[in-house]
Amino acid sequence: MHSLYPEIEPFSQQYLEVSPLHQLYIEQCGNEQGIPVVFLHGGPGSGCREQHRCYFDPSIYHIILFDQRGCGRSKPQGELNENNTSALVEDIETIRNHLGINQWLIFGGSWGATLGLVYAVQYPKQVLGMILRGIFLGRPQDIDWVYSHKGAAQIFPEAWKSFVDKLPIERQQKPLEATYQQLINNNEQISRDAYNRLQQWESAILNIQPCISPSKGETINKNPSIIQLYYSLNHCFISQNPIIEQMNRVCDIPMQIIQGRYDFVCPVEQAWQLSEHCPQAKFTVIDMAGHLANEPLMVDALIEATSSFSKQLLSRH
């Protein structure tokens, strides 16, 4: 079974101004002359971590990671102005041009898969291939699955009850909007309580050990959650052009779709729908995996995918 590659340090770290407001943190790792791959992190809102560098053989791949607008080390942190899917897609293309890369491999999971698909639809000729995990299509029903009583709440009713019970009764039918308003509330206690409830709910459906709420005086970073709910409230800024209806534009792009059978955040139906619209894609369901990329069976499948892609791409030259 494959495991993550050893930890590595970037050979380049920089900030790139993509608008008068936003500067993106970008890092490069691995082999600068190797196969370019861009890692698209999830959320929206989460940012990149050191472990994200380790899905690729650093002797073969030129690994590019960046924090999306408002995320991680990008500036200003938590900024919602000029923060939407179209802007993020253009940022990816700006980074590619800035680094002088002709074509690159797209690697993304969950929201990262969404963003990768939207980018590939817009810029198909710049994409060597795609490795996508935990597919999130950003449709209204996909958002409702997580943030309404219709979806994951049916599987985790006790966790859902804990999530919505502290909301005013008249707001419990729209917990996404209500929780967002509480998160951005100027009252620190209201905001912190909303953050803790949201973290507990998301931990439950991620199929991991329940998270420990921060102690009363501990500093928390609510920005990732605020960005995530902001995008969800705005239908991920893609509702007018459903991803699944544009897959004819990427039908020539080699693609691997890797999905956990027990993914309760992005149910396997979404990955299956994508595979049905992309006949060229290799569709793999990991029967004993959930949503997270660092589960052992998921790591194994992702490393196998990056390895097989490198062999295919290198064999062309």
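The backbone N, Cα and C atoms fix where each Cβ goes, and this holds for glycine too.
All annotation found in TrEMBL is predicted automatically rather than curated by experts.
Marked as active site, nucleophile by TrEMBL: Ser110. What TrEMBL records for Asp263 is active site. Summarising the annotation, TrEMBL assigns active site, proton donor to His291. Per TrEMBL, the feature domain 'AB hydrolase-1' maps to 36-294.
When the alpha carbons of Asp263 (active site) and Ser110 (active site, nucleophile) are compared, the span between them is 10 angstrom. Neighbour density for His291 (active site, proton donor): within 10 A of its CB lie 25 other CB atoms from the protein chains shown. Here the CA atom of Ser110 (active site, nucleophile) lies 8 Å from the CA atom of the residue listed as 'active site, proton donor'.
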